[in-house]
Amino acid sequence: MKTSLFKSLYFQVLTAIAIGILLGHYYPELGAQMKPLGDAFVKLIKMIIAPVIFCTVVTGIAGMESMKAVGRTGAVALLYFEIVSTIALIIGLIIVNVVQPGAGMNVDPATLDAQAVAVYAAQAKEQGIIAFLMDVIPGSVIGAFASGNILQVLLFAVLFGFALHRLGSKGQLIFNVIESFSQVIFGIINMIMRLAPIGAFGAMAFTIGKYGVGSLVQLGQLIICFYITCILFVVVVLGTIARVTGFSIFKFIRYIREELLIVLGTSSSESALPRMLDKMEKLGCRKSVVGLVIPTGYSFNLDGTSIYLTMAAVFIAQATNSHMDIFHQITLLVVLLLSSKGAAGVTGSGFIVLAATISAVGHLPVAGLALILGIDRFMSEARALTNLVGNGVATVVVAKWVKELDHQKLDDVLNNRAPDGKTHEISF
């Protein structure tokens with residue numbers, strides 16, 4: 001039993017995170033130097049994301065009997081994303097107004113270091129709904145795979161899957177090759193995941209070593225408020241959605257616990273994307289649904305990021321005494337409904353979208369971003385964890401709505417009555 005525990009990825013990642021925190025706290029300079037370990041692991045994951053999405057989506061779509069089902073799945077997914085992410089934005093807005101974590105700080109924007117956020121502000125200028133939509137179309141197929149742009153790869157994979165389906169029996173050989181290639185790719189993922197403890201250790205040691213636990217104290221009220229809001233969102237909102245769909249949110253969280261720990265260590269929900277594709281399919285969701293919902297959700301269904309954006313924007317207003325009446329807050333909400341869709345599931349993207357939103361609203365001082373620049377990295381974990389759980393729940397919900405969910409398999413796996421519910425831990 002003890003040997004099995006030590007070999008489990010869950011235990012190894014958890015231990016690595018704890019060691020990383022201790023190293024970063026007691027030896028901050030050494031901890032800060034561990035950054036390449038975390039970066040290398042995330043890069044290895046990103047290396048494999050494009051082929052995983054391509055194989056999953058192509059085989060899922062080409063293997064379907066009707067192409068109408070694909071369109072229906074996409075429409076249902078986008079509707080769900082819009083509804084739930086809007087709820088997340090509103091919840092963040094309500095709680096930050098009730099708790100008011102920035103009230104009483106009386107910060108003069110003129111005293112803030114605007115240079116510290118200049119890079120993010122410059123990147124934010126490139127954000128926009130037209131630019132975002134145009135960026136979905138790749139300049140070339142090779143370019144889409146080379147850059148690892150999830151939506152570009154997804155677009156090409158959907159078109160390829162449709163074309164392959166239309167070939168019928170003539171395309172069977174290509175289908176078999178891609179399916180075999182998919183098995184090889186998931187084999188590579190299993191090898192990469194063996195390095196997850198090292199990546200989690202490096203990323204956590206760097207975070208604590210560079211920013212220090214002390215940086216949490218000054219703006220701790222915002223951090224605590226944000227974490228509690230994310231927990232409430234997962235338990236109450238996603239929990240209710242899960243219950244209506246027919247499963248327990250707590251059992252689901254237990255099922256993806258390894259992926260959650262990897263995300264906690266790397267602070268990027270993207271690092272768990274390949275494994276989520278595999279685990280959601282083994283949970284009873286059809287491959288075509290998983291292939292469409294999970295990758296799309298990484299741009300359109302970032303619940304944690306949505307909560308963060310409203311709370312951070314209003315916090316800056318409160319801290320700098322920039323009065324926001326109901327009209328300003330509604331304007332903020334409308335802008336965020338658009339700008340939040342441009343955030344990807346990678347570290348730092350939420351802060352860039354926040355900069356874009358504040359610039360677009362115009363009522364808030366952009367220099368106010370400097371207030372949360374130092375603690376943004378600590379809030380990134382809660383964003384990423386909430387995003388991951390949200391996309392997992394979305395996949396099950398959409399699969400049920402389009403009648404592509406194996407309810408018996410879902411129940412068996414979550415209740416450990418099937419082998420799939422026990423064999424996903426990687427040990428070595």
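Keep in mind that glycine also has a Cβ here, set from the backbone N, Cα and C atoms.
Your range for transmembrane segment, going by Swiss-Prot and the list 116-136, 326-346, is 326-346. The transmembrane segment (222-242) is not in contact with the transmembrane segment (44-64), judged by fewer than 3 CB-CB distances under 8 Å for residue pairs 6 or more apart in sequence.
For the transmembrane segment (44-64), the neighbouring stretch richest in Cβ pairs under 8 Å, chosen from 76-96, 142-162, 289-309, is 142-162. Within its own chain, the transmembrane segment (184-204) is flanked in space by residues 9, 12-13, 15-17, 19-21, 23-24, 34-42, 44-45, 48, 51-52, 55, 261-262, 264-267, 271, 274-275, 278, 426, 428, which lie at least six positions past its ends and keep a Cβ under 8 Å from the stretch.
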